[in-house]
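For reference, TrEMBL has these:
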type	residues	note
TRANSMEM	65-85	transmembrane segment
TRANSMEM	105-131	transmembrane segment
TRANSMEM	179-201	transmembrane segment
TRANSMEM	213-236	transmembrane segment
TRANSMEM	256-278	transmembrane segment
Amino acid sequence: MNRRLLKCQLLSALSSWRVPAVLAIGVFLTWTEYWTAYHAGFYVTDSAPTFLKYMMLFSQDGNGSILYMYLLPIVAALLGGSVFAREKFSGRLRELEPRPSRSSLLNTSLCSGFILGGLAGVSPLLINLVFAVAKAPHMSFISGRSTVISNPNGKKAMSYVLIEEHNWAYPLYKFSQPLLVVLVFLSVFVVAGLLADIAVGASFFSRYKHVELLVPFVLFLIAWYAPEISGGLLPYDLDLSYMEFLYVALMTVNGAFIPSLMKAVVLPGTIVVVLAVLKKRRDDA
């Protein structure tokens, strides 16, 4: 790996218009999460104060989480998916004719793409975190078992639940909320980095600019809608995407942790490795 090239690729991406675009998307997602949860016309049951109520991926009340999951491939690829394509279409690849240099370029591009994609992926969540902490600077524990209570209108309602008790993340949430938050951020970083690397891998073979930006999103849609696309060949409740793993507020049973992790990390990681191997074999041919 070429450290000098890595530094140049990182600085080039971080000083481009793509960073403000990613931050703008983060602000939009934060606003969407809060507005749809607390100003959309339905009542959210009161609970002990915690900033996690306003966080995407931790709360089921707003629509920001789902939108965030859909936009994650685009956000990651926007900042980290074009590092190799910029080298290719700028003509700099001609300066790297020896095969060792070419191999170093591929590895460096995948590394910088992973870092940039990870940073882009966690940026909306970080913006959301700042807003949530400012809104409710507390971290109270909320039981994952729903009970019947009376709301301010005198009607019966179910108590507020942040993370269901049968959710795979609930034991960790109960043990240490800060640790769970850190784990979610790291998970988003890794998944977003791999999504960006899929875009980088696609740019190895693309003859046109910016095509690679759409590849991770298209693959996500295929994975998400695989049961419908298969025409009944796959179980209807099968989810091949990363959403089941990252969206910790979803009602996912404890036993699904390892399969969810495999689908979120191993599957995109395998795609990246396959694309890189195919590219190196083509260069060596």
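Sequential numbering from 1, following the chain as shown.
Even glycines carry a Cβ here, placed using N, Cα and C.
Caution: TrEMBL annotation is automatic and unverified by curators.
Keep in mind that this is a model prediction, so the values were computed, not measured.
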Range from 65-85, 105-131, 256-278 with the greatest count of C-beta pairs under 8 A to the transmembrane segment (179-201): 105-131
Surrounding residues of the transmembrane segment (105-131) on its own chain - C-beta under 8 Å, 6+ positions past either end: 1-2, 5-6, 9-10, 13-14, 18, 22-23, 25-27, 29-30, 33-34, 51, 54-57, 64, 68, 71-72, 75-81, 83-84, 87, 93, 96, 181, 184-185, 188-197, 199-201, 204, 272, 276, 279-280
